[in-house]
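Engineer: Pasting the feature list from TrEMBL:
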- A:L88, A:S89, A:F116, A:P117, A:S118, A:D119, A:T158, A:D187, A:H190, A:Y212, A:W242, A:T268: pyridoxal 5'-phosphate binding site (BINDING)
- A:K213: N6-(pyridoxal phosphate)lysine (MOD_RES)
Protein chains: 2
Amino acid sequence: MNATTRTLPVKERFHLPKGVIYLDGNSLGPLPRGTTERVQQMMEQEWGDHLITGWNRDGWMEQPARVGNRVARLIGAPAGSVTMGDTLSVKVYQALSAALKLRPARRVILSDSGNFPSDLYMAQGLIRQLGQGYTLRVVAPEEVAGAMDDTVAVAMITQVDYRTGRMHDMTAITRAAHAAGAIMLWDLAHSAGAVPVDLAGSSCEFAVGCTYKYLNGGPGAPAFIYAREDVAAEMQPALAGWLGHDAPFAFEPEYRPAPGIARMRVGTPPVIQMTALEQALTVWDGVDMQDVRAASIRLSELFIKEVEANCPQLRLASPRDPAMRGSQVSFAFDDGYAAMQALIAHGVIGDFRAPDIMRFGFTPLYLDEEDVRQAARILTRILTDRLWDAPEFRTRHQVT
Amino acid sequence: MNATTRTLPVKERFHLPKGVIYLDGNSLGPLPRGTTERVQQMMEQEWGDHLITGWNRDGWMEQPARVGNRVARLIGAPAGSVTMGDTLSVKVYQALSAALKLRPARRVILSDSGNFPSDLYMAQGLIRQLGQGYTLRVVAPEEVAGAMDDTVAVAMITQVDYRTGRMHDMTAITRAAHAAGAIMLWDLAHSAGAVPVDLAGSSCEFAVGCTYKYLNGGPGAPAFIYAREDVAAEMQPALAGWLGHDAPFAFEPEYRPAPGIARMRVGTPPVIQMTALEQALTVWDGVDMQDVRAASIRLSELFIKEVEANCPQLRLASPRDPAMRGSQVSFAFDDGYAAMQALIAHGVIGDFRAPDIMRFGFTPLYLDEEDVRQAARILTRILTDRLWDAPEFRTRHQVT
C-alpha cells in the first residue's frame, strides 16, 4: 500500500442508514458524505447567485469533460477520452450508430443473451430506424467470440451480466472482434468501479457505462462514453447536438463536430446531477482498483461459503470461479421474490431479477466481512423459518 | 382574478441576488425558493435513507409522468400527454424520427432559418444516419407556411425565435402543415412559461421544450415531449429504451412500446435534477398564463419605450407588434458584446447572441416595472458614456 492508498473499507465516506446492510450498490450506490452539501452549495451560490454566468464562472460548461477524466482513471482510459451526459441507453445508441457508420458494408450488430435488455432494445430501435438489412444477432454468452465473422459490424457486449455476475474476458473478445474486422463496444455498467478495467489496453473502439451503481452518483446520474482516440477523431455522431459542435456559440447553420470525444455531447448537461456525481467520485481518491477487486473477491467468497453452508435451498447462479465473476453473487430460488422482500424487511437489501434470481452486490468501499457474515445469518434465518409465509408479513408486504 | 390566482409578480417565490436585475430568465431561470431544501431532503431522506427502495417508495419511477402533468397545464396539453427526460435536443430527435416514420413516402424536414441551431443539427444528424434521400429544407421564417407541400414529412418550427423573439402563429402554421399532409412539430423552448400555448387546440402532432428557461428548473433541467393522443398510440420510438418499454422489469428480449407518451422515456431518469424541477414548478401554483402574458407585454413595451427614447444607438431587432413577440426584446448594436459585458458588470444581466444582438428576457413572475425602468436607466448610462471603453473596464473584463 503506497502513501496515498487507503485501506478498505472507507465506510466513513458514506451515509449508510443504521440497521441496514446494503448489498444493492450494484443497482444504486449509497449517498457519499459531502454530496448533499456540495449540491446545496452549487444550487445556492452558483445557480442562485451567479445565475447564467455560472456556465463560465463555475465551470459548468467544462464539467462533462472534467468528470469524464475522473471516470477515465477508474476504467483504464486516458485523460480526454471520456465525456459524460444523457443516459446509458442514449450512449449505447450513439456508440452503436457511430460504429455502424465505420463499417458501412456490414449489417450485423452482435450481442449476447446475457446483455441488459435496454442495450438490445436500443439496437432494435436503431435497426428499425435504419432498415437496409441491418439485424441484431443475439447468441449465448459463451458463443460470442465464435460468432464473430465478416458480417459483424459491431459487437456490443456487457462485460458483467446483470443477473448472474458472469464476466466476459475483455481482452479475448475484443481480439476476436478485431480479428473479424468488427468494431468492439463494451458496456461497463457493472464493471466501472467494480472490477479493474483496462480500456486502453483492450484497444476496443467504444465503451459506455452508468455512474449510479458502483460509482455512487445518485439515482439517474449521467452516463459516460469512451472512444479510442483514432476512432473519436473520425466518428460521425447520430445525435448531433449543439454542445457536440466545434463552436456551439457561433450558432452556425451547419453541424461541425467538435474534436474527439466532445462530439458525443448532445444538449445542455444536467449540472445539478453532474455536480452530485463529481462530488461522489471523490470517494475514490486514494483508492486502488486492485485493492477493491481483492476485497470484492474476499467478501463474495465468504458470502458464498456461508450461504452454501447454511441455506441448501439456494443454488449458486453465478460462476463459482471468482475470476469469472464481477462484483456480485446471485442465487436462484423459486421463492426468491418473496424471500428477498422478507430479507429487505429485515434490513438486508439485495434485489430480485425475474424469474428466480436473488442478487447481492459486494462493494468493498463500504462493506466489511462482519456485514457479510451478518447478512448471511439473517438470510439463513429467513430461509429456515420461511418468514415470508408468516401471515403478518404477507399482510404488511402484500406478498401474493 | 379568481380566488386562486395571484397578482404578479410573485417575487418572494424566488431567490434573487441583491443588486441584480435579471433579464436573462429566457436563458436560465433563477432559483425558486424551497428548491434547494427539497433537493436536500430528497438526497438525504430518499436516496440516503431509502436507497434503492426510493424508486417505488418515493415515487421516482412515476416522476417523469407526474412532472409532465405539471408542464402540460402550462402548455395547453391534457394530463397524460407529456413526459419528461433527457435534453431538448434528444427530444427533437425522438419527435423527428417518429414523424418521419409516420410519413414514409415523404423525404423533407422543413424548418426555418430562425430555428435554434441544435434543432437543425439534430435533423442533419438524423438525415446523415438515414440516407435514403432525406433532406432538411430551411426557409426564411415568413416563408414557412408557403413552403409546405406534399414532399414535406414534418415541419419542425420553434415558435419563438431565440434571437429576435419573433413569434410564429401556431394555429396558422399547423393548419398549413396539415393541409399539406405534413406532421407538425413545435419547439416550445421560448414559449413554455413565457406565452399562453394551446397545444390541444392547435392539433399539432408533437411538441418539445426545455424547462431551464421560463420554467426555472435549473441548469440542465430535463426536457419535455408531447404527442397528440392518436399519434402517441402509434408512434415508433427510435430511442427504444427500457423505461419506454411496456414492462421494463419483465426484462423481455424484445422491445414492446409502453402505451402512449411513456414510450418516449428512454433510460433511468435524473431523479435529483427532476426533483429540483418538480419543486420549481410549484411557483406556478395559482398563476394564470394569461396574466403572465399581459404583464410580459406591459414590461416589454415599457422597456422598448424607455430604450428608444434614451438609447438611439440601439435598433429594435424584435417585432414592434407585441402580438408578434414572445417574452423577450432584442436590440441590434455593433458594440453589443462589449456593451452587454459592461451592463452585466453594472448589475443588469441580459445576454448577447452573435453577431450583434443584445437580448433581454421579461419574466413577470419576478420582474416589475421599477426593475425595467432601472435596467433602462443603467443601459442608457452605459451607452451614453461608452463605459466599455474605459481602460479599467477593458482590463477587468478582458474585452478585446
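Every residue gets a Cβ built from N, Cα and C, even glycine.
Remember, TrEMBL labels are computer predictions, not curated facts.
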Engineer: What's the CA-CA gap between A:T158 (pyridoxal 5'-phosphate binding site) and the residue listed as 'N6-(pyridoxal phosphate)lysine' in angstrom, rounded?
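Structural biologist: Here the two Cα atoms lie 15 Å apart.
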Engineer: Between A:W242 (pyridoxal 5'-phosphate binding site) and the residue listed as 'N6-(pyridoxal phosphate)lysine', how many Å separate their Cα atoms?
Structural biologist: 29
Engineer: Given A:F116 (pyridoxal 5'-phosphate binding site) and A:K213 (N6-(pyridoxal phosphate)lysine), what distance in Å do their CA atoms have, once rounded to a whole number?
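Structural biologist: Spelling it out, the Cα of A:F116 (pyridoxal 5'-phosphate binding site) and the Cα of A:K213 (N6-(pyridoxal phosphate)lysine) are 14 Å apart.
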Engineer: Any idea what the Cα distance is from A:L88 (pyridoxal 5'-phosphate binding site) over to A:K213 (N6-(pyridoxal phosphate)lysine), rounded to a whole Å?
Structural biologist: 12
Engineer: If you measure Cβ to Cβ, which of the recorded positions A:T158, A:H190, A:K213 are under 8 Å from chain B?
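Structural biologist: Nothing passes the 8 Å Cβ test.
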Engineer: Rounded to an integer, what is the Cα-Cα distance in Å between A:H190 (pyridoxal 5'-phosphate binding site) and the residue listed as 'N6-(pyridoxal phosphate)lysine'?
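Structural biologist: Between the Cα atoms of A:H190 (pyridoxal 5'-phosphate binding site) and the residue listed as 'N6-(pyridoxal phosphate)lysine', the distance comes to 7 Å.
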Engineer: When DSSP is mapped onto helix/strand/coil, what comes out for A:H190 (pyridoxal 5'-phosphate binding site)?
Structural biologist: coil
Engineer: Can you tell me whether DSSP puts the residue listed as 'N6-(pyridoxal phosphate)lysine' in helix, strand or coil?
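Structural biologist: The residue listed as 'N6-(pyridoxal phosphate)lysine' sits in coil per DSSP, no helix or strand.
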Engineer: Among the binding-site residues A:F116, A:W242, which residue has the fewest other Cβ atoms within 10 Å of its own Cβ?
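Structural biologist: Counting other Cβ atoms within 10 Å of each of the binding-site residues A:F116, A:W242, the minimum falls on A:F116.
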Engineer: Please report how many Å separate the Cα atom of A:K213 (N6-(pyridoxal phosphate)lysine) from that of A:S118 (pyridoxal 5'-phosphate binding site), as a whole number.
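Structural biologist: Cα-Cα distance, A:K213 (N6-(pyridoxal phosphate)lysine) to A:S118 (pyridoxal 5'-phosphate binding site): 16 Å.
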Engineer: When you measure from the Cβ of A:L88 (pyridoxal 5'-phosphate binding site), how many other Cβ atoms are you left with inside 10 Å?
Structural biologist: 29
Engineer: Relative to the Cβ position of A:T158 (pyridoxal 5'-phosphate binding site), how many further Cβ atoms are located within 10 Å?
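Structural biologist: Cβ-Cβ neighbours of A:T158 (pyridoxal 5'-phosphate binding site) within 10 Å number 27.
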Engineer: Across all chains shown, how many C-beta atoms besides its own are within 10 angstroms of the C-beta of the residue listed as 'N6-(pyridoxal phosphate)lysine'?
Structural biologist: 28
